[in-house]
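In what follows, a structure is listed as structure tokens, so that the remarks can point back to it.
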Amino acid sequence: MLEFEMDMDQLAQIKVIGVGGGGSNAVNRMIENGLQGVDFISVNTDAQALHLSKAEVKLQLGGKLTRGLGAGANPEIGKKAAEESREQIEEALQGADMVFITAGMGGGTGTGAAPVIAEVAKEIGALTVGVVTRPFTFEGRKRSTQAAAGIAALKEKVDTLIVIPNDRLLEIVDKNTPMLEAFREADNVLRQGVQGISDLIATPGLINLDFADVKTIMKDKGSALMGIGIATGENRAGEAAKKAISSPLLETSLDGAQGVLMNITGGSNLSLYEVHEAAEIVSAASDAEVNMIFGSVINEDLKDEIVVTVIATGFDDAENRRAQQQSNFNRQAAPKQPLKSKEKEAEKKEPRFTSQPEADDNESLDTLDIPAFLRNRRRKSR
């Protein structure tokens, strides 16, 4: 039997960096769930919170600026702290082929520092993917506004950005779920987003993908959406796939996506037929021209469960094409607009003259000075 030595340096190196409180919590959740084949980094301006992180590498941002006391929910301080620690961030990310940046948007550190970290990751040549949450509505308008600005800034710096709207989690969890549990669920969804992609590259399975496959779907693709489906029982594969494509986390249908990455994870009893069934359902829901890649991973802990994760990318390309088509259509229709607006303006100004004979109306349309003409007739009738 032939044996080959595998050089571990040749495998794609994946690093997950949790930024701020929400990001660090998500990293802890990934470590607890035994996420394999990735290196974990936790960064924060809050030294006390950083101490609770389970990541192998911990980095305090902006030691001089914040003195380890946090960013005070101010994204500008988070940004400056990351700029101060830029060299240390680069050192921590060095050697990575792929970097996941995970954060809860709306606070100070995650919102302000994540775009700076993404910029550094891109500079070292890594495929950079952001997986972040948008805050719950009950967290307040200010946090929501800060999150929107942070998401816009981060989108400019990453290859692909997956935004998980926390409000959508309320459609998944029971209405009696305690608030702390709801926040834990948000961390868990961040974990599933990262694991759904990284497992395809780093974990042995029935159908493996290489790093180049994932890069094709995710490089320079802008906005992305994620759907997760979990099912057990006789028709578990089909049900999990249907749940994934109709997941509340997907804010739109898969139709507009240019690329779809799919992960089917099950226990040792996962069959090839089940993988085929799930892939067929997701493929049928996608655009005919979509670039779809899928893989399957074995996780002994799942036993009877199947988890289907769908990442849909390239919505920005489709939106740009639609906008261009609409713009072309508007330009063609433009010459007809002024006449209609003048007619409406005349009708609004002189509503009592609508009963004039049709011939008069047609004559008046040939003149440009409609209001004056109507005013003259009004004087004569008096």
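Any Cβ shown, glycine's included, is placed from N, Cα and C.
Marked as GTP binding site by Swiss-Prot: G21, G22, G23, S24, N25, G108, T109, G110, E139, R143, D187. As annotated by Swiss-Prot, compositional bias 'Basic and acidic residues' applies to 340-352. Among the features that Swiss-Prot reports, region 'Disordered' is placed at 322-382.
Summarising the GTP site geometry, the residues cited as binding it (G21, G22, G23, S24, N25, G108, T109, G110, E139, R143, D187) extend over a maximum Cα to Cα distance of 19 Å. The Cβ of T109 (GTP binding site) has V19, G20, G21, V43, N44, T45, D46, L61, G70, A71, G78, A81, A103 as same-chain neighbours under 8 Å, each 6 or more residues away in sequence. N25 (GTP binding site) has a Cβ environment of 24 other Cβ atoms inside 10 Å. Of all the Cβ atoms in the protein chains shown, 34 others lie within 10 Å of the Cβ of G23 (GTP binding site). Taking each Cβ in turn and tallying the other Cβ atoms within 10 Å, the top scorer among the binding-site residues E139, D187 is D187.
Residue density at G21 (GTP binding site): 22 other Cβ atoms are found within 10 A of its Cβ, drawing on all protein chains shown.
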